[in-house]
Each structure stands twice: as structure tokens, then as C-alpha cells.
Amino acid sequence: MESHEQKVEQKRVDSVIHQIAAKVKSVSMEYSKARSEMKLVQENYSANTSVNYVEVDDRIETSAELQQQRALASRLIENEQIIAGQLNVYKELQKSPYFGRIDIQDPGESEQEKLYIGTASFTDDESNFLVYDWRAPISAIYYNGTLGDVTYDTPAGKQMTSLKKKRQFLIQNGHIESMFDTNETVGDELLQHVLGQQNDETMQNIVATIQHEQNDIIRDTRSDLLVVQGVAGSGKTSAILQRIAFLLYHSRQELQADQIVLFSPNKLFSHYISDVLPSLGERNMRQVTLAEFLSQRLEGLDVESLFDRYEKDAELSLEQQALQDFKSSSAYMHQVADYCQHLAPEHFKFNHIFFDGRIFFNKAEIEKIYQDLPKLQPAERFLRTKNILIKRLKHRINQEAQSDWVAEQIDQLSDEQYHELLGSKRRYDFQEVDAETNYIARKIVTRRLRKVYDAIYNNYFLDIDSQYADFMDTVTPPEDVAPHAMADSKKRFMHDIEFHKCDLVDAAPLLYMRDILTGGGQNHAMQHLFVDEMQDYSIAQLQYLHHAFPKAQMTFLGDAEQALFKAVQSPEALLTSLRSAFHVRRPRLLKLNRSYRSTLPITTFAKALLPDGDQIEAFNRPGKLPRMVIRYDLDSGLDALIQEVADLRADNGTVAILTKNLQQAHQVYQKLHFENDDVTLMTDADLSLPKGTLVMPIYLAKGLEFDAVIAWDVSATNFPDDRFTGTLYTIATRAMHQLVLMSIGPVSPLIASEKMPDSVLEIEHELTN
Ligand SMILES: Nc1ncnc2c1ncn2[C@@H]1O[C@H](COP(=O)(O)OP(=O)(O)OP(=O)(O)O)[C@@H](O)[C@H]1O
């Protein structure tokens, strides 16, 4: 039954919603007006673009008018988008106007003030705040404060107030479903409710239930390097997204969403998180995976993907591992920088520039230009070389313009083609007919030699592959790297380059070298760099990202325990390496130890897999024990799998079967697909997650979560030793509500160990006779 208090609150909710509805109505009208204005301009614009101009003067006028219209159209589009954004915000508020209330009393005031907190601010016609944005300075109290005297940060400095009451609401479609008064930061009741319900295809915002330690991450504006080490399911990704929303709100004038870049683990993840910021009325930041970023920069080279590397890394020998570790280190990147700084001009490697299959600029000519320049930094020397090449190209264009073939081509030009080449020039711009012909001739040759210009502009005359190979000869590796390893690695690199391939481990150092030598590759506009799942990046790669976005504040989040096929590094050691590699001034390390995603029994099992799992604090959400299903041959295992899938599907929207690698995912998929059409095999090209039964290797499920998970073949053969702890732990922690583990033959020692308490698993053996 509704208490009196709840009735009073519901009345307020009704009144606020009523006022929001009026706002939605007026903004909708504004929106329709903006749309029709936009349409009118568009129609006018397309009518004008179809003008068939013949006379040059006409054409110029038309294009000026067109430009004006284009500018007007883009202003209107922007306006329309702003209004659409506002409309969305109000519509969201209409369903659930707020989730929190704080009663405060400022020093010296006799009255208490009630403040309501929601996803966005809303004021009445007299500008009284009916709802405060969760990011407003005062709202911090809701997340951080316990009853009594509290302080909060404002642009004018710290403020004091007394917190008298904190109330949480769950409002759905305008109705208060539940409300609690709490003394804690954000009480567990609401969290229980929210977590128990989750089964969406995309991630939801968590603003109603942000926890104290998550709030520290979200509201940190001071640190230039914020490293968050958080256990699986502790809300790292959530913290990133709410932090972005927070930063956008706080620096409205200076920061745009596209000045923030997030490196995400895979494309599925990008889609999975894509609704969070729009649900908070903000535009999404830029998102990219490391593979996309590297291959875009190393155009023409097929860079090994992280997924290929996962598959390969599981097989590395100790010697190969030592080399890989070295190439992934900051020490290696330092050697790259050193090499570039001390590179003698005669050791600089150039390519010929080709045109039409013939050498256009010989590399000997380029070498000579480079070497003849005075002593300069490599990038400056390179830039001057480039400018000289462009000058020489212009000179050759002028010469070529006198050739017979050009004159012939001019004779054959139609009027339209001629005017097109004339561009914005007018006939009276030329004193003589010859000058005009000459102008057209140069235009023709310039167009023909465009490729040469592009090759110079894009620095193709630097032979970066040979340069990198030359660098490998000069490297001093640490003691644990075998003496022949660098030479072998160089051979392999050159061999792969022949086939336009490059190992992931060489990509960052190679790009770093190219950037230093050419002075390119840096984006100074990016203000924030976020890296999720940082444990999958080497220090060398992170260092390259820092170099590529030199002005960006960095937020790196990860979980050392979820490193696949890699030794675990302690968060403190990690921060120390990052600190010395990055020369930052205000680094900060934060830890999140409480895990929210999974039920208590699933988290208890996952904790027991880790040597130092005790630090993980499970959120107390009840659920079934994880089930262990053991079969002794593949066929009966696959049959049992079909049964398990059917059982789990009865209670869960999505069941994910997670395998150790791609080959096992294929094997499982084939069997399931044969029996039932409703199964999807996910690949790294997929952009979104359907509902239903999904099969994928674990590296594609990084950062994702599913209602139920089946960990496929956790046998001793498949997960033989502690190199696979991270993999198994990552699989288990993808499950929100139910987890089943299946083993073909004896179970992995990681599970069948003394450390694993009996009570954390329900075990089912096939009865054999
Ligand atoms: N304060 C919170 N309130 C409600 N839900 C939360 C909260 N914190 C985390 N969650 C939920 O817990 C789940 C895990 O969060 P998230 O994916 O951000 O964790 P993570 O640390 O990035 O996980 P992982 O490293 O395992 O991928 C999500 O469903 C998220 O919505």
C-alpha cells in the first residue's frame, strides 16, 4: 500500500510531469517549424543545383548563391539537431523525471531546501529548478554524502551544507515504483532492483545508482593520467561513459564530443555502449578499435589483429615471449626515438617516386636533396626535402605543359571541359590568349601528375620499412632476449612486408618512427583519450597513443586479471611504468573492488579462480549456483550442450556460449546450427549483438555481458595451467544471471583445485556404466 509520504511524492511527480509535457509540446512545435524551414531551403537548393550553366559568369554567380544556401542549410541543420536533442531530453524526463532527492540546510538558513535530481535539469516558467542535473555541483552530495555536514566543489570553491535527508526513487512511466530513504551514499535496495532486471541488448546509463568510488572517477577533472584498475563487472565501462557525459556538461563551451576518443576492445562493444550517452542527452564520442586505428595509419599494410595475436600468443615459446615483451616495452620505444634523433642523413632510407610504372623522382636525387640540407632535426629536414620535391614537381609541370600531347588535348576539349578547367578564373584575368592556354595546359598536366603530388604529400618517398629494419640492427636487447632473436625478427619483418603484412607488436614502433622522422601523425585537437580494457595494450602501444594525441588527458581502465594469455602486472607497478613512460604531472590510480554484474554465486565462483580473488567484493544479488557439466567425449558433450542451451533459454533472453578460440566456436556452432536455426556465430566483423543463442570466442566478448553464459570445454586439455586463468575468469564474469561450465573429459586444474570450495559449484557427471 502507498504510504502517505509516497502519495505526496507521487503528487509532485504528477505535477512535474505535467509541466514537462507542456514543454514537450512547445519544443515539438519549435521542432516542426525548424524542419519545415529546413525543407524549404533544401528544395530551393536542389532547384538551384540543377541550373544548367554555360556561361562562366553565370556559373560563378550561381556558385556564390549556392554557397550561401549551403551555409544556411548547415546552420539550420545544426539548429534542428539542437532542438531534436532538447526534445529527446524532455521526453526521457517525462517518463522518469528524477531518481533522487536531497534535503539540505545551508549554514545560517532556517529553512531546509528539497532538491530533486534527474538525468537533466528542468526549470518551471519562473526559472525555479524542479529537477537538478545529476552533474550539477550540488548533486555530488547525492552520490558522496552521508547525513550530516557535507562539502561539495563548485566553480567558486568548496561549499558547506548540512544533508538532512536522502531519498531514492524508482519512477517508471510516471509512476513511483518504489522509494527508499537512506543514510548510505546510494543504498543497495535500488541497486538490487536495477541489477536484477537487466537484460538489455545495449548498456544502460547508471546515473541513478552511481556508487561513491565510481563517482570519484566520473568527477575527476584534475588528473592528467587517471588509471582505473577494477575487477570484472565493477562498472569501469559505465564509469567511462558517465565521465564523458560529466566532462561534456562541465566544459560545454570548450569541449565537443568529437574531441574525445575511446579505444574500445571490439566493434560489438562499440555498438553495445552506443545508447548510454544519447540517453543522457549527449552525443557519442569517437570510438575506434586499436586495429582500426593502426591499419588506417598504416594504409596498405595488413596489420595482424589482436584476435590473431590471441590465437598465436597461446603458442609462444619462452624465447619468443621475451622478444615480444621487449618490443612491447617503453624501453624499445625509447630506442626508436633515440635512433631517429641520431640518424645520420646518409642512413636515411628513401623510395623512388613512380609514375605510370616509371621512376619519376629517383631516390638518389631525393637522398641528395636530404643530405645537402644544413644540420636540422630529422622532421624539419624531411619537411624541407618535401618542399623542394614539390617545387621540382611544379617545375616539371611547367616544362611538360609545353609538350605536344597537351596542345593536342586542349584542341579536343569541349566547351564545358574547357570552362571546367578554367575554374574560377575569368577570361579577362589573362592579358594574352597564350597565357590562358598556358594556364589550361598546366591544369591538364597538374591533374595528370596528381598521383606524384599525393605521393610526396603522403611521404611515400620515405622507405619506412627499410628504415625500421635498419633500426632493428642497432637495437640493444635486454639479457633475456636471445642474441639471434632480433636478427631473426628483422628477417621475418622484411619477409612479411613483401606480403604487405605486419605483426601487431611492430605496428606502434613503426608508426612512432615514421611520425618522428616526418613530423606527422599527431592530433592536437583531441582533448580526452580513453582506453578501455587497457590490459590488452602494451606500454609501447599506450605510449604511441599518448604521442598521437599529445594534448589529451588520459583515462585508462582495465583489469589485470582479465589479461588473456599474459602475465598479470600489479596496478601500482603499472602506474609506475606509465608514469615514467609518459612524463605526466598529476597521475592518479583508483581501484574498484566491488563487482556488480553477476549474481553472488557467480562472482563467488569467479573469485575462487584467482590467486588473489579475496580482494573482490561481490554485490549481494542472489541467484543459482554455477553448474558444472562433465562429459567424456565430444559427441555427448555437444548433445548435453544442446540441452543446456534449451534449459537456459527458457529463463533468459540471451545465452552466450563462450569458447577459448575461434576454431572451437566454429565446432560448437556447426553442431548447434545443425539442430536449430536460432543460433548466431559472432565474428569480429559483426557490428551488433542479436538476442537469442550466440557463439563466440572469448576475445570477442570482452567488455560485454549476457543473461546466461555457457563456458565451453573447461577441461584440463583446454585450460591446462595458470596461463589460462585470465581467460577462464573473463568467460565466467560475462554472465549476469546464470553460468554453466561444460567440460569434455577431466576438468581443468584451475577449477578442480583445492582452493575451489565445494559449495560454489553444482556438479553433474554423466553416469557411466
Ligand atoms: N552503480 C551502478 N549501478 C547500476 N548498475 C551498475 C553500476 N555499476 C555497474 N553496473 C552494472 O554492472 C555491469 C558491469 O558494468 P561494466 O560493464 O561497466 O563493468 P566493467 O568493470 O567495465 O566490466 P568488465 O571489465 O568485466 O568488462 C553493467 O551491467 C552495469 O550497468
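Easy rule for this one: first residue shown is 1, then count along the chain.
Using the three backbone atoms N, Cα and C, a Cβ is placed for every residue, glycine included.
Keep in mind the model is a prediction, meaning the values are calculated, not measured.
Taken from TrEMBL, the feature ATP binding site covers G230, V231, A232, G233, S234, G235, K236, T237. Same-chain residues at least 6 positions away in sequence with a Cβ under 8 Å from that of G235 (ATP binding site) are, in sequence order, I206, Q211, Q214, L592, Y596.
What TrEMBL lists as domain 'UvrD-like helicase ATP-binding' is 209-599. Per-residue confidence over the domain 'UvrD-like helicase ATP-binding' (209-599) averages out at a pLDDT of 89.
It is G233 that, of the binding-site residues G230, G233, has its Cβ surrounded by the most other Cβ atoms within 10 Å. The 6 Å Cβ screen around ligand 1 retains G230, G233, S234 from the binding-site residues G230, V231, G233, S234, ordered by sequence position.
The ATP site is set by G230, V231, A232, G233, S234, G235, K236, T237; from the centre of their CB atoms, other residues of the chain with a CB within 8 Å are D559, L592, S595, Y596, R597.
Neighbour counts of Cβ atoms within 10 Å were compared across the binding-site residues V231, A232; the minimum falls on A232. In three-state terms derived from DSSP, K236 (ATP binding site) belongs to a helical segment.
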